[in-house]
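**Student:** Would you mind keeping the following structure in view while I ask a few things?
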Amino acid sequence: MFKLVSEFEPTGDQPQAIEKLVEGLNRGMRFQTLLGVTGSGKTFTMANVIARVNRPALVISPNKTLAAQLYQEFKAFFPENRVEFFISYYDYYQPEAYIPTKDLYIEKNADINDVIVRMRMSTLKSVRTRRDVVVVASVSCIYATGDPNDFDRMNINLAVGDRIDVLELAERLARIGYQRTEDVSLSGCFRLKGDTVEIYPTYQDEGIRIEFFGDEVDSITLIDRFNRTTLEHLDKIIIYPAVEFITTEEKLKRAVESIREELNERLSELKKQGKILEYERLKQRTLNDIELLETMGYCPGIENYSRHFDGRKPGEPPYTLLDYFDKDFIVFIDESHITVPQLRAMYNGDRSRKKNLVEYGFRLPSAYDNRPLTFEEFLKKTGQIIFVSATPGDFELSISEQVVEQIIRPTGLVDPEVEVRPTAGQVDDLVNEIVKVKERGERALVTVLTKKTAELLSEHLTELGIRSLYLHSELDAIERVEVLKKLRRGDVDVVVGVNLLREGLDLPEVSLVAIMDADVEGFLRSETTLIQIIGRTARNINGKVIMYADRITNAMKRAIEETNRRRRIQLEYNKKHGITPRSVIKPLEIEVFEQFMVKEEPERYGDTVKNIFEMKKTLSPEEYMAVLEEEMYRAASELRYEDAAALRDELFRIREEIKKKKGL
């Protein structure tokens, strides 16, 4: 079923890792972990496991950038099978919200990317119709999508010779989300011309031309979407829905009645509580929505009524991509130390935002049920899971029936040497090291604790003739990737930043990583973070890490010991097999789907830092500090280090304010 194509055979630790993981799957192990160091070929190992067990697979990545990279790698490994891409279809997303302290209602505002919509629909079709499928997805895959049973029931089967007339086909197309138009370049549309219907699905590039003779299908052809030339003649075809959420007239009527019932119950509650403003607001808004649903079959924010359309009970999980798979599909959670905390936090973040909308009469309580899955629901809807990371979290390690190590790199590259140097004169020392790197035609990364330090250090390096840029949270995904492209091309010599783990992209030109203030204990200098940062130089033969510190913290000690352990294993392997290490060679263009990444994927799994700062107006200083501290640790656990740093700075500022007021 799966046919893996590669010029390489598994080497190093890959063969034993593949064997153990496949054996674990065949023995029915529910949870396994692949602990693979940077550059050890974890994606190739995953591809081999998929090919060996011949089962559909879902690979979940923590962000769009990494998902795009994985998608391309799997496409190359499986050119004859279906590899699909399923991420949030928003280029820009501002969720609906209400801020009581300002009496400010924010309407939902979003730009939808048609290319991603097409890829999502292609994913749903592939997963429902074949088994040789690998889907690469972001954490958006646990958000609601349409009922898979409706997707199956409402497709249109046509064959040459079928008795159906043009208008009946047009009516059936409209029922599954296609719109009639003359613009043939639009996906999800169809056009009528005499006895011919041309259909442009959202799930494929080719159009479909159906020609009639009276009330009989005379011919079916695939056509080029733009010049409309014939590509292939077909005897039969299945036309799948154009949109994720589809409904029947019967379901619509049932949903409207159910919404009315819930509205009456909620209005009764608000009346008893004496909430007259909320009563009138909810009544007016919901009745307007009902009128639109009855006349147009649609209303703004229709997703907030999804429970009524699906016939779900309050609290029941929504349908998601997971429900489209066969029951035996495998899940790989890539960069699990980041992705698992995201999956855990998304439900709470969504519910906290909707709480005000429901309490203040903007939405019915059923809006809570248009939501992502809880982590427990996610585990119930999945079967066997393989966590993949260079630094798995405690959860993954504790729950896994086996942890498979992949330490040896096929390239022979060893983990970099780690030096600890004093902070006195650290900037001058750093400059000298960067100059050496520059002379070799290589690059450097410098990680610091604050955005301000990153900015000042980058400016200082530039003044000294070193081409430097800094990464910061105001840059969106494309701008961040552009900075890294410049680094790889040699347009800049060094990149300075607070969180250099965010992209997770391969940077083989980087031979030096400098960690400033390495002994300042906290989330930015934890064992996991330090190991991840050290791994940034693991693709270059001259890789070196310098930690500037005046003492060795426990986190530093453990990170250095683990790095040295991995070095020993690789060096012994190289000696035994006569391998000479070589740097990774990778095409200069960092292949990322830029058309998908105009804006950063909305980080919908928690409150934004900005909204947290708004709480200062309604909380006492002590309560506000407690919230800041809690959110800081949550952001750190999810490796959102820039958010965590901003919250930390605000926490320090409030503490200083309190001290001044108390005269301390």
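The backbone N, Cα and C atoms fix where each Cβ goes, and this holds for glycine too.
Copying in the features that Swiss-Prot gives for the protein in this structure:
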- Gly36, Val37, Thr38, Gly39, Ser40, Gly41, Lys42, Thr43: ATP binding site (BINDING)
- 23-180: domain 'Helicase ATP-binding' (DOMAIN)
- 429-588: domain 'Helicase C-terminal' (DOMAIN)
- 89-112: motif 'Beta-hairpin' (MOTIF)
**Student:** Near the ATP site, what residues other than Gly36, Val37, Thr38, Gly39, Ser40, Gly41, Lys42, Thr43 in the same chain have a C-beta no further than 8 Å from the centroid of the listed C-beta atoms?
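**Tutor:** Sorted by sequence, the hits are Thr45, Ala390, Gln406, Arg409.
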**Student:** Suppose we draw a 10 Å sphere around the Cβ of Gly39 (ATP binding site). How many other Cβ atoms does it contain, all chains included?
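**Tutor:** Step by step: centre on the Cβ of Gly39 (ATP binding site), count other Cβ atoms within 10 Å, giving 22.
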**Student:** What three-state secondary structure does DSSP assign to Gly39 (ATP binding site)?
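**Tutor:** DSSP call for Gly39 (ATP binding site): coil, neither helix nor strand.
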**Student:** Using a 10 Å radius around its CB, how many other CB atoms surround Thr43 (ATP binding site)?
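**Tutor:** Here the count is 19.
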**Student:** Quick one: of Thr38, Ser40, which of the binding-site residues has the smallest count of other CB atoms within 10 A?
**Tutor:** Thr38
**Student:** Around Val37 (ATP binding site), how many other C-beta atoms are within 10 angstroms of its C-beta?
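**Tutor:** Other Cβ atoms found within 10 Å: 26.
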**Student:** Taking 10 A as the limit, how many CB atoms besides its own sit near the CB of Lys42 (ATP binding site)?
**Tutor:** 23
